[in-house]
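> Attaching a single structure in structure tokens format; questions to follow.
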Amino acid sequence: MRTASNPPPVIAIDGPTASGKGTVAMRVADQLSFHYLDSGALYRLVAFASEEAGISVDDESGLGAIASRMQVIFKDNKIFLNGKDVTKLIREEKIGTRASRLAIYPKVRDALLTLQREFRQNPGLVADGRDMASRIFTDAVLKVYLTASVQARAERRYKQLIAKGISARMNVLLQDLQERDARDINRGTAPLQRVEGAYLLDTSDLSVDQAVTQVLNWYAKLHH
Ligand code: C5P
């Protein structure tokens with residue numbers, strides 16, 4: 001039986017934007033019947049909510065207040081913010097960019113701390129983001145740093161957008177990814193990093209199935 005000193009296991013999957021970690025994390029969670037936390041969605045929600053409220057992306061206190069007041073429900077692959085279905089709205093590129101700009105603030109990050117940890121429930125959790133292993137779930141049983149070359153990531157994002165009927169330009173996507181990487185890696189608070197003990201998974205030449213299998217194999221090995 002699990003006790004307070006033996007909390008539900010967490011698999012932390014961190015990595016840069018458009019690396020495919022969301023898809024991999026969700027599939028791993030599904031295979032293990034674990035809960036799933038898309039922590040990036042929370043930053044996107046702050047971006048969306050603050051934009052609607054007319055709060056500037058430079059106003060750390062205002063953004064922190066919004067982050068701590070949000071009513072968030074994840075249900076049936078949908079995300080509700082204060083009762084409204086915002087699943088599609090928060091996936092827009094401009095929201096992702098705004099999210100990466102406000103994610104630099106300690107007040108925003110602190111406001112989301114408890115919310116993220118509440119996802120840790122039996123039988124376990126797969127959490128994806130930037131600081132899952134380094135800050136939110138430092139005791140994760142398995143830590144994975146999932147990445148891919150910037151070229152591979154830009155191509156994936158390009159295909160996704162085109163498939164959705166949204167026009168896109170490769171050079172613009174490449175530049176945007178590089179700017180977002182730089183912001184995530186160089187910020188003072190909870191920067192994106194590969195922590196000690198994290199397995200490196202470079203998916204540039206891997207299919208989703210191969211990446212999922214690798215993570216499941218690492219997890220299975222923990223029990224032997
Ligand atoms: O993963 P996703 O692209 O949806 O995240 C949006 C933005 O939120 C990222 O660019 C990153 O700056 C920020 N983020 C973060 N910490 C996390 C997850 C996301 O700073 N754990």
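In case you wondered, yes, glycine gets a Cβ from its N, Cα and C as well.
Keep in mind that this is a model prediction, so the values were computed, not measured.
The domain 'Cytidylate kinase' annotation in TrEMBL covers 11-219. As annotated by TrEMBL, ATP binding site applies to GLY15, PRO16, THR17, ALA18, SER19, GLY20, LYS21, GLY22, THR23.
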> So if I measure Cβ to Cβ from THR23 (ATP binding site) and keep only same-chain residues at least 6 apart in sequence, which ones fall under 8 Å?
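The list for THR23 (ATP binding site) reads VAL208, given in order along the sequence.
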> List those of the binding-site residues GLY15, THR17, SER19, LYS21, THR23 whose Cβ lies under 6 Å from any atom of ligand 1, in sequence order, or write none if there are none.
THR17
> So which other residues, same chain and not among GLY15, PRO16, THR17, ALA18, SER19, GLY20, LYS21, GLY22, THR23, have a Cβ within 8 Å of the centroid of the Cβ atoms at the ATP site?
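In sequence order, the nearby non-listed residues are VAL24, ASP128, LEU146, THR147, ALA148, ARG153.
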> If you average per-residue pLDDT over the domain 'Cytidylate kinase' (11-219), what number do you get?
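Summing pLDDT over the domain 'Cytidylate kinase' (11-219) and dividing by its length gives 95.
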> Using CB atoms and a 10 A radius, I'd like the single residue among the binding-site residues THR17, SER19 with the highest neighbour count.
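Of the binding-site residues THR17, SER19, the most buried by Cβ count within 10 Å is SER19.
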> What number of additional C-beta atoms lies within 10 angstroms of the C-beta atom of GLY15 (ATP binding site)?
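Taking every protein chain into account, the count is 29.
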> For LYS21 (ATP binding site), list the number of other Cβ atoms lying within 10 Å of its Cβ atom.
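So the Cβ neighbour count for LYS21 (ATP binding site) comes to 28.
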> For THR23 (ATP binding site), name the DSSP secondary structure in the helix/strand/coil scheme.
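It is helical.
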